[in-house]
Amino acid sequence: MKRWVKVWEKFIEEKIREIRETVGDSKAIIALSGGVDSSTAAVLAHRAIGDRLHAVFVNTGFLRKGEPEFVIKTFRDEFGMNLHYVDAQDRFFAALKGVTDPEEKRKIIGRVFIEVFEEVAKDIGAEYLIQGTIAPDWIESQGKIKSHHNVGGLPEKLNLKIIEPLRDLYKDEVRQLAKELGLPEKIYNRMPFPGPGLAVRVIGEVTPEKIRIVREANAIVEEEIEKAGLRPWQAFAVLLGVKTVGVQGDIRAYKETIAVRIVESVDGMTANAMNVPWEVLQRIAFRITSEIPEVGRVLYDITNKPPATIEFE
């Protein structure tokens, strides 16, 4: 254990030095989402350059339930960071109007993210963009499995210089580093959440109404998994964009279908569908169909990775 502590201490020292040397007397912004990757990168960068780091939290409209409040409270109030909150929901929805291809979605989201970051950077005079990119992000992007909004989704021409202090780490290593940096468990044990957010948990075109449905379903899945004391790698809901026939009283119903995905993994590179107790799945299905009037059917995805990826898009 002591050996690993020393390894992380050395890693932290090296990364702090690298960030300081790279940024110099300039300012930097960091793309902060509240997930473990960007949070760890933010704390590392904050130690390196202090108030010259400006954390930018963009509300895309594709966030989990309660996410904006959680991020603002944690990083502005508890960590004392310079936090810039940007409400860009209308901008992202407009950019994705009519788009159904998942790769196109990711690239558009990456482009709009960068546009927002460049605007904030210009306002504060920052030259650098720090990102929480980790190894699986660029491995999947290079392998053309899927573009990650912070790698394959980035435009070719950037006005900001990119710094990626975590790019050689895997998720389990980032969690260890976060713990070593003193981040609370509510951060370092958070389930991974895709950079494009709920936009890639809606199959087909993204609309505010569809996002509202999948956000509520996702919250129910997370709540029930936590109540059951289960610790999966990821647990979430996907709106399939397929309506099926059901019965409501004595009347025919034609409603949306939600898929539930719960997997176990160590680093996200491979994953197994979790053998969730039947009563937990039943509770999830009951709550989703009872609390979200638009949903009439809930399915459980039992596919491993490979052949499937963890996220549907």
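Here the Cβ of each residue, glycine as well, is placed from N, Cα and C on the backbone.
What Swiss-Prot lists as ATP binding site is Ser33, Gly34, Gly35, Val36, Asp37, Ser38, Ser39. Ser39 (ATP binding site): 27 other CB atoms within 10 A of its CB, across all protein chains.
Restricting the average to the domain 'GMPS ATP-PPase' (6-190) gives a pLDDT of 90. Annotation source Swiss-Prot lists domain 'GMPS ATP-PPase' at 6-190.
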Would you mind pulling the DSSP three-state label for Asp37 (ATP binding site)? helix
Around the ATP site recorded as Ser33, Gly34, Gly35, Val36, Asp37, Ser38, Ser39, what other same-chain residues have a C-beta within 8 angstroms of the site's C-beta center? Leu32, Thr40, Ala41, Ala42, Gly132, Ile187, Arg190, Phe193
For Gly34 (ATP binding site), the number of neighbouring Cβ atoms whose distance to its own Cβ is within 10 Å equals 20
